[in-house]
Amino acid sequence: MGTPKPRILPWLVSQLDLGQLEGVAWVNKSRTRFRIPWKHGLRQDAQQEDFGIFQAWAEATGAYVPGRDKPDLPTWKRNFRSALNRKEGLRLAEDRSKDPHDPHKIYEFVNSGVGDFSQPDTSPDTNGGGSTSDTQEDILDELLGNMVLAPLPDPGPPSLAVAPEPCPQPLRSPSLDNPTPFPNLGPSENPLKRLLVPGEEWEFEVTAFYRGRQVFQQTISCPEGLRLVGSEVGDRTLPGWPVTLPDPGMSLTDRGVMSYVRHVLSCLGGGLALWRAGQWLWAQRLGHCHTYWAVSEELLPNSGHGPDGEVPKDKEGGVFDLGPFIVDLITFTEGSGRSPRYALWFCVGESWPQDQPWTKRLVMVKVVPTCLRALVEMARVGGASSLENTVDLHISNSHPLSLTSDQYKAYLQDLVEGMDFQGPGES
């Protein structure tokens with residue numbers, strides 16, 4: 001017979017009295033209120049000590065045995081939170097988890113004194129019929145409490161060093177006519193984690209504009225990403241699938257504008273490379289054309305403001321982080337934020353159109369990761385939790401999925417808790 005699982009409240013009181021876990025402490029003399037560190041895993045300054053209470057509970061319940069099991073900080077945190085939320089007589093008094101300097105939560109005993117929990121009690125910890133908070137966080141816990149989440153392989157640092165194998169061009173999206181039912185995915189697999197798996201090919205929709213006129217659109221999928229070039233005859237040893245922008249003579253009539261556009265295209269040289277590594281999209285300029293970029297709306301670039309940056313030459317630069325996008329998407333699904341932006345706009349060969357209409361620029365290119373568009377569309381049509389919708393991730397080895405709104409939100413939360421928050425200059 002195995003060791004009985006301890007009850008969360010007596011165990012927690014004993015940890016508070018010991019005072020050995022970083023940031024876990026009583027906050028009043030009557031010992032009715034206590035604080036728990038609640039730093040999000042996305043924060044750059046997150047340390048293992050910030051998750052000490054969650055690991056201790058995982059060890060106490062037998063969910064984690066050091067040396068045998070792999071550490072899983074997001075799951076520890078989720079299970080601890082779920083155990084607290086089920087407890088009658090305990091309430092969340094203050095939620096300071098968004099505090100930039102000291103994120104934490106303060107809980108309070110309301111129906112019984114601490115003395116009731118002062119002695120260790122190893123009777124089974126059952127769910128009981130206690131009141132449960134109706135926050136989205138608790139709904140996610142109920143959905144994810146019994147899941148076994150496999151860690152992702154280390155994607156390694158971004159690199160442009162290896163020439164790609166030939167990629168089929170273009171690749172069509174899988175049909176939505178026969179979506180794969182959700183149960184076929186397996187009980188422990190979060191399908192959204194495929195977005196981060198090394199080797200999974202993101203699909204990019206590339207649209208080019210000459211003086212505001214759309215002249216080109218193509219959907220590309222290649223493990224090494226893509227490379228915008230201005231000539232069919234390019235350096236095939238460079239990485240990324242070459243996407244050749246069309247000659248302006250095919251769509252423009254003004255000879256002067258045609259001449260300027262051709263000059264810009266000729267200066268692209270090796271091209272503008274864009275690829276994914278981990279949760280980041282990276283870009284690098286391989287030619288002479290200065291290129292500015294911004295993350296904006298699909299319909300038009302954010303021309304009323306300055307660019308987000310300039311694509312660096314001869315080194316990679318981060319242009320999109322999936323982590324904040326997913327955080328904003330979760331907020332959007334909860335109705336408390338705007339739809340996150342995901343379209344990358346590039347102004348090639350000229351300064352960013354900050355004070356002028358973007359249609360005056362010679363060459364503007366929009367790149368949309370179609371998987372991100374699909375995630376936003378799923379959030380928009382989610383509606384009631386009982387409503388099933390279909391989402392197509394538009395990445396390799398994936399098929400359309402039928403998910404309820406609650407399943408979708410739960411998978412988003414699980415995805416973001418497993419991410420790292422890295423600056424674009426870090427690997």
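Including glycine, each Cβ sits where the backbone N, Cα and C put it.
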*What range among 7-17, 139-149, 271-281 does Swiss-Prot record as motif 'Nuclear export signal'?*
139-149
*Of the residues Ser30, Ser221, Ser398, the one that Swiss-Prot lists under phosphoserine*: Ser398
*May I ask you to name which of Ser82, Ser175, Ser351, Ser405 Swiss-Prot has annotated as (Microbial infection) Phosphoserine?*
Ser175
_Alpha-carbon spacing, Cys267 (disulfide bond) to Lys360 (ISG15 cross-link), which is rounded to whole Å_ = 19
*What does DSSP call Lys360 (ISG15 cross-link) in the simple three-state scheme?*
helix
_Need one number: mean pLDDT over the region 'Mediates interaction with ZDHHC11' (141-427)._
77
*Can you count helix, strand and coil residues in the compositional bias 'Basic and acidic residues' (91-107) using DSSP?*
0 helix, 10 strand, 7 coil
*10 Å Cβ neighbour count around Lys360 (ISG15 cross-link)?*
12
*Go ahead and report the DSSP secondary structure tallies for the DNA-binding region (5-111): helix first, then strand, then coil.*
37 helix, 20 strand, 50 coil
*Just going by other Cβ atoms within 10 Å, which of the modified residues Ser14, Thr75, Ser97, Thr237, Thr244 has the emptiest spot?*
Thr237
